[in-house]
Amino acid sequence: MAVPPVEMYSGSFWNRMRKPLPLRTQVIRFTVVFVIVSFILAVALQITHERMPDPKVTKPLPDLGFEVLHKYPFLFSVADCCIGFLNILSVFTAFKLYLLHRHCVGSGEPELPCNIPGVSRFFLSVWLCKENCRIELRNVHTIAWIRFITSYALLLLSRSVIMVVTSLPNPDDLCQDPPKIENRVKDVILTVLTAGAGSIHCGDLMYSGHTVILTLHLMFHWIYGAMVHWSFRPVVTVVAIFGYYCIVASRFHYTDDVLVAIYLTIATFIAVGHNADGAPWQLQLFIRWLPCCGANSREVTEDGVPVAIVIKNEEMMNFEGKS
C-alpha cells in the first residue's frame, strides 16, 4: 500500500487546498458538476419509478394538506408556469447584477448596434442598488451564480438518495397507472435536457424538486433581487407561495414533500453563503482535482485583465535617474 507523502499532513498542504480557485473556474466546474448530478438524478428517478408501491394495493397516505385544499389536477401545469416565470426573472436579475459589476469596475453601459428607445434603456441601463447594498458589487453576478448552482447541485444530489431509500405511494392521478419506461437511455437524456418535463416518473416524492427550484428563486431574489429593484422580493414571494399551493392542490406531492424541500433549500442556500472567494473551500475541494475547465491559480484578475508585476533592480533605477 502506498504511503501518502508527508506534505499531505503539513500545514502548507492544507493551506494550498484552502486557497480559493478563480471565480471563473468555479463557475465552469460547478456547472459541470451540476450536469453530472442531473444525470445521477435521472437514474435515481428511474429506480424510484420501478420501486413505487403498486397503486392498486397501496393507497395514498393521509395528508392534512389534501384534506384542507380542494383537488385541482391541472394546477401542476400552473406550477410549471410559475417556475418558468421565475427562471426568466432570475436571468434578468443576473444580467442586471452583471451591469452593477461593470458599473463598480468603471466600465460603461453596453450598447446595442441599433438603439431602440425605451427598450435599450430598460435592459442595458444600470439600476443602482438601493437595498441590500452592503454586498460588494464587484463580481456579484458571478458569486450569485456560484451560490445558486452549488446549492441546487447539493439539493438534487441529496434528493437522489432520499427518494430512492424510501418508496411512498403516489397520490397523483397520472401515477395510478404508471407508464412503463421502454428506453432507459433515452429517458435519462430527456430527463436531463428537459429538467424532467420530457418524461413522466412516479414515486419521486420526498422531497419535491419543483419546490426546491421555487425556493431557490425565492432566496436568490430575496438576497440579490432586492439589489436590482425593491419590487422583486414581494413579487417572487407571492409567486413562490402560489406555486407551493399548486403543487399540493394538484396532488403531485404530499404536503411534507413541500415543507421539507422548503426547509432544506433555505438552510442550504444560507449555509453556502455569499463570499468574495465564491463557494466554501470545502466544496471547492471537490472541483479542485478536475483536469479541465479553468486554471487553479489566480494568474489574472476576475475581470480578465492580466496583472503585470514589474521588478526594478538598483542599476535600472540609477540609469533612469541619470536619463
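Cβ coordinates come from backbone N, Cα and C, glycine included.
The shown structure was predicted, so the numbers you read here are calculated from the model rather than taken from an experiment.
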(request) Kindly tell me whether the record in Swiss-Prot places Pro110 on the same side of the membrane as Pro280. (result) yes
(message) With DSSP assignments reduced to helix, strand and coil, which class does Asp257 (active site) get?
(response) helix
(message) When secondary structure is assigned with DSSP, how many helix, strand and coil residues does the topological domain 'Extracellular' (48-73) contain?
(response) 9 helix, 0 strand, 17 coil
(request) Pop the Cα-Cα gap between His210 (active site) and His253 (active site) into the table, whole Å please. (result) 10
(request) With pairs restricted to those 6 or more apart in sequence, evaluate whether the transmembrane segment (258-278) and the transmembrane segment (148-168) have 3+ C-beta pairs under 8 Å. (result) yes
